Amino acid sequence: MVKMVVIPLFFIAALLCSPSSRAADFCVGDLKGPTSPAGYSCKDPAKVTVDDFVYSGLAAVGNTSNLIKASVAPAFAAQFPGLNGLGISVARLDLAPGGVIPFHTHPAGNEVLIVLQGVICAGFVDTANKVYLKTLNKGDTMIFPTGLLHFQVNGGGSLATAIVSFSSSQPGLQLLDYVLFANDLPSLLVEKTTFLDDAQVKKLKGALGGTN
Ligand SMILES: *[C@@H]1O[C@H](CO)[C@@H](O)[C@H](O)[C@H]1NC(C)=O
């Protein structure tokens, strides 16, 4: 008799604890609430509407009047809270002629890039220091595995646009040049750790807004 009760209880407990069990259909991010690497806390489901699942911020060409002649419009959980907890996100890249998305990494997400228009020269470097480089045309798709440094450069004479999507709603973005030249890390340490000379480091800090 005890056994007959214990076994169903065990199954119910296993169902509740299994990773595939779903406590809710979604968890639209509450941007005013606390956040963690796992994401934002959930907005009250009674207040969720279809507009929480629609984002129009990728519709327009981005402003490329800047140093890199390029624009990145992210639709990560912070911009598009409907993505929160779903393990996906998306962004739009626009590269004017001569534009570049400098070497960067997404610490928490694989990336897939689809070229919508123009030509993009893209590449990444793996942890064995091997280079994977390709010129991509309209419709071409390329993958950039989690954490690996990669870049995109306009490879043609006209605007190039791509949609990139990620296997995380908070993939993160860290740009190598910004790490080295856009903060207050002392120039002497930048020189020590990069083998660049003082003049070059000062020049790049000047261009990217770094100090020290
Ligand atoms: C694009 O960005 C530049 C530099 O920030 C700014 O001066 C310009 O007004 C912007 N253009 C548009 C159309 O928003």
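Note: Cβ is positioned from N, Cα and C throughout, glycine not excepted.
Annotations in TrEMBL come from automatic prediction, not curation.
As annotated by TrEMBL, signal peptide applies to 1-23.
Other Cβ atoms within 10 Å of the Cβ of Cys27 (disulfide bond) number 23 in total over all chains. Among the features that TrEMBL reports, disulfide bond is placed at Cys27-Cys42.
Sequence annotations record features per position, and here TrEMBL assigns domain 'Cupin type-1' to 56-202.
Close to Glu111 (Mn(2+) binding site) in the fold, though at least 6 residues off in sequence, lie Ile143, Phe144, His150, Val164, Ser165, Phe166, Pro171, each with a CB less than 8 Å from its CB. Per TrEMBL, Mn(2+) binding site is recorded for His104, His106, Glu111, His150.
Among the features that TrEMBL reports, oxalate binding site is placed at His106, Glu111. According to its DSSP assignment, Glu111 (Mn(2+) binding site) is in a strand.
In the vicinity of ligand 1, defined as a Cβ distance under 6 Å, none of the recorded positions Cys42, His104, His106, His150 are placed. Within the same chain, the residues at least 6 positions away from His106 (Mn(2+) binding site) whose Cβ sits under 8 Å from its Cβ are Phe144, Thr146, Gly147, Phe166, Ser168, Pro171, Gly172, Leu173, Gln174, listed in sequence order. In sequence order, Ala24, Cys27, Val28, Gly29, Asp30, Asn84, Gly85 make up the list of same-chain residues 6 or more apart from Cys42 (disulfide bond) whose Cβ falls under 8 Å from its Cβ.
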